[in-house]
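Here is what TrEMBL records for this protein:
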DOMAIN    71-312  domain 'Cytochrome c assembly protein'
TRANSMEM  12-33  transmembrane segment
TRANSMEM  45-64  transmembrane segment
TRANSMEM  76-95  transmembrane segment
TRANSMEM  102-122  transmembrane segment
TRANSMEM  142-167  transmembrane segment
TRANSMEM  222-245  transmembrane segment
TRANSMEM  260-275  transmembrane segment
TRANSMEM  287-311  transmembrane segment
Amino acid sequence: MIFSTLEHILTHISFSVVSIVITIHFLTLFLLVDEVVGLYDSSEKGMIVTFFCITGLLVTRWIYSGHFPFSDLYESLIFLSWGFSLIHMVSYLKFKKCKNNLSAITAPSAIFTQGFATSGLLTKMHQSAILAPALQSQWLMMHVSMMVLGYAALLCGSLLSVALLVITIRKAIKIIGENNNFAFSFGKIQYMNERSNVLLNTYFLSSKNYYRYQLTQQLDRWSYRIISLGFIFLTIGILSGAVWANEAWGSYWNWDPKETWAFITWTIFAIYFHTRTNTNLEGVNSALVASMGFLIIWICYFGVNLLGIGLHSYGSFTLN
């Protein structure tokens with residue numbers, strides 16, 4: 001009873017704090033008052049509080065249930081939310097120059113995943129249960145933690161790429177439209193990318209738009225770094241899962257829906273890294289691939305669970 005009450009308190013505290021953090025970000029974005037009232041520092045402190053609350057929630061559930069909290073969709077969503085908060089904490093402590101941009105991504109991501117996990121749709125999963133026989137293995141912590149941390153990092157990096165794509169395309173449309181009355185279509189993205197070195201740099205390097213130019217460079221750099229980290233986690237997760245599958249089911253790969261979409265996700269981001277090696281495909285093209293990866297990740301992580309079939313059906317989504 002004590003553990004259940006503590007878990008309930010920590011859940012609501014973390015959800016409330018991260019909601020306040022998002023409100024602060026909206027205020028600083030639209031009102032531009034962060035330097036006046038110090039709201040930015042408050043949002044950073046709020047994310048720190050959220051991180052420790054979710055950490056306490058996971059530890060409490062671990063102690064109460066007697067196993068690492070990865071037995072169902074609810075617990076994995078909480079861990080995914082913790083992963084978003086962890087990425088923010090690392091960037092805050094070590095790479096403070098990018099913390100403002102990352103918190104604008106990690107805070108909404110954390111509240112979305114935690115909000116869905118604590119909603120009424122997953123009420124049946126809130127209570128800890130005995131692990132399914134397939135999950136009673138020493139590989140549970142290794143495989144699932146690497147996969148979920150990989151998802152968290154790849155989602156954050158992909159969202160940064162989406163932001164870069166939106167900014168770049170809007171500015172390219174404005175520049176080309178002012179000069180040639182250019183009608184935008186996705187088929188002309190390559191055309192914009194080829195001219196971006198001349199048009200965008202000339203536009204951005206003006207005193208009025210220099211900050212936006214720096215922002216796009218920062219988004220591209222940090223998107224690449226975070227996606228690289230997530231790709232490593234995803235690779236380790238897939239390999240450890242293959243070893244676990246061989247022990248549990250007698251085969252390293254069974255083309256289960258979850259396994260298949262994990263492989264598709266891995267392939268998409270491998271293509272992303274390939275585009276980064278070609279200077280002609282950097283920027284818009286790599287951001288497009290990462291944006292596709294964002295959708296693929298959600299299909300792999302959550303969409304497959306809607307089917308409730310396959311060897312990973314213990315993580316399926318069930319309504320009350």
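Cβ coordinates are placed from backbone N, Cα and C, and glycine is handled just like the others.
Nobody curates TrEMBL annotations by hand; they come from automatic prediction.
Sequence-remote contacts of a segment are chain residues at least 6 beyond its ends whose Cβ falls under 8 Å from one of its Cβ atoms, and for the transmembrane segment (76-95) they are 44, 47-48, 50-51, 54-55, 57-58, 61, 69-70, 102-103, 106-107, 109-110, 113-114, 116-117, 122, 144-145, 148-149, 151-153, 155-156, 226, 301, 315. Ranked by Cβ pairs under 8 Å to the transmembrane segment (287-311), the stretches 45-64, 102-122, 142-167, 222-245, 260-275 are led by 142-167. Of the candidate ranges 45-64, 142-167, 222-245, 260-275, 142-167 has the most C-beta pairs within less than 8 angstroms of the transmembrane segment (102-122).
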